[in-house]
Structures are given as C-alpha cells and as structure tokens.
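Asker: So that we are looking at the same thing, I have put the structure below in structure tokens.
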Amino acid sequence: MSEPIDLSQIAPTLKAEILAEALPYIRRYHGKTVVIKYGGNAMTEERLKQGFARDVILLKLVGINPVIVHGGGPQIDQALKKIGKAGTFIQGMRVTDEETMEVVEWVLGGEVQQDIVTLINHFGGHAVGLTGKDGGLIHARKLLMPDRDNPGQYIDIGQVGEVEAINPAVVKALQDDAFIPVISPIGFGEDGLSYNINADLVAGKLATVLNAEKLLMMTNIPGVMDKDGNLLTDLSAREIDALFEDGTISGGMLPKISSALDAAKSGVKSVHIVDGRIEHSVLLEILTEQPFGTMIRSH
C-alpha cells in the first residue's frame, strides 16, 4: 500500500504546485455532481475517516457537489455477532431475513450514517443524512437472485432489494441549499417492506439519475486486480465481461464492477474504482493527474 500523504511535510512551493495542478480539475468539475460510494477501511480507521470528511468538504468549498452513498458491512457483522447471528452471503449479497433487516436499518440509518454526518459537520461542512425511505428517494423491489447451478431458478435471499426507481428531488434540494447528502442504501417497496440494497448498486443508479460527472467507488484494494495481483488501470466493457467469465472478478467485487459498468454505459462520464486505504484518495483521483485505481469504460 502507498504511504499516506502527510501534507505537513510538503514544502510550501510544492504545495503551490499541487494547487496549480488542481486548478483545471476544479474548473472541469465546478458545479458538477460527484457520487462517492464510501466504504471499506476508509470508514473504520480514524485517520482515513477524518481525511475523507475533509476531502468532501474541500470539494464542496471549490464548487463541486459530492453525494455520499455509504456501506457498513463490518459494522452490520459486528451488530449481528452481538446477538449471536452469523452473516451469510450469496454472490456478494447479504442474506437478509426480518431480524437481520432490523439490524441493517439500525446500523446503517443510525450508527454509521450519523458517524459520517457528525464528522463532516465537525470539520466545518454541512451534511444531512438520509435513507432511501426519506422523501421517497429509493423505490425498491425484491431482488431475485439467479441460481447459477439451476438455470431458470432463483434463490430467496430475504429482504434484499434492487433499485426500481430513484426520485432525486430531495437530493437536489439539499444540493441547492449547499448541503452534502449522506445516503444509507435502504429502500422501500410497494409491499410496505424495507429492503437492504447493495450500496454499490445504489451509488451507480444515483449517479445515473443525477447526471453525475463522476462516480467513485472506494474499496480495500488498489483497484481491479488480475489473477497475478497486478492492478488493471483501465477496463472496457468487453474486458470486464471476460473477467467475470473467468472468475477474476468475484464475490463482493461482482456488484461493485457491475454497477460501475452500468453507470458508465448509462452516461456517467468518469467511473473509477479507488483504494480507500490511501489517505485523501478522493482528492487524488479528482483533482490531480496521478493515475489512480481502475477506470471503467463503457466501450
């Protein structure tokens, strides 16, 4: 892993050069929306959490509109463990029975979201927390998980949903009033049930609906890796399909890369998978020329 960037050790002239390098990117993204899927170590290590909060505040201050969609898998696992319940995953998706759904809502919409909002506000930003149930933001339907061993059959994984529709009005209203939206990936269905939705899928759909200029997905690895552990810096749709087919992309990376590719195909101009373990990874990707992570292309 790259060493964290310690800005206190950078000479003033170099700091000026860094700011000058950022200027064309600030101009490019000024007034534009950037959707950030926030997760992994960046959500659990205090140094990285504080760095992320400062990053999104800086983006807002220079006229870029960050929208945060957060995960919370480790926190959900810890909460389930406390009640003696093990987490189960199928194809990267958490099996969510009624009891697990109650835990998911409490952890994501309460503990995790409020931690993010509080930290951003502590450092001088203005963040507002939402779940997909607020303002009719995320309409969900039950996810039918295809059974790979039995074509035409589906696996019931409980109250796991997929995005049926997004009403972005509440997000746009917050942006217009200079707030930073922080969204928990919980949707509501026509059946009256709450649904646990993979945060990567929500981030991709939201980026599309908001006509975002950029979608960033933070993870705990440098980006998409080949079978020899080498970083793949640029992937086309055809190359991604091949990596799905040979099993290079698997587990929790499946929904992440699928969502990233769908967003790219739907018109999001820039889609990147970035290493959230590196301090200030958001700023490095958006405001510098530094090649960073994996770029996902639709063609």
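Every residue gets a Cβ built from N, Cα and C, even glycine.
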Asker: Based on Swiss-Prot, name the residue from ARG47, ARG94 that is recorded for the same substrate site as GLY72, GLY73, ASN196.
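Answerer: Given GLY72, GLY73, ASN196 bind substrate in Swiss-Prot, the matching entry from ARG47, ARG94 is ARG94.
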Asker: When DSSP is mapped onto helix/strand/coil, what comes out for ARG94 (substrate binding site)?
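Answerer: Its secondary structure by DSSP: strand.
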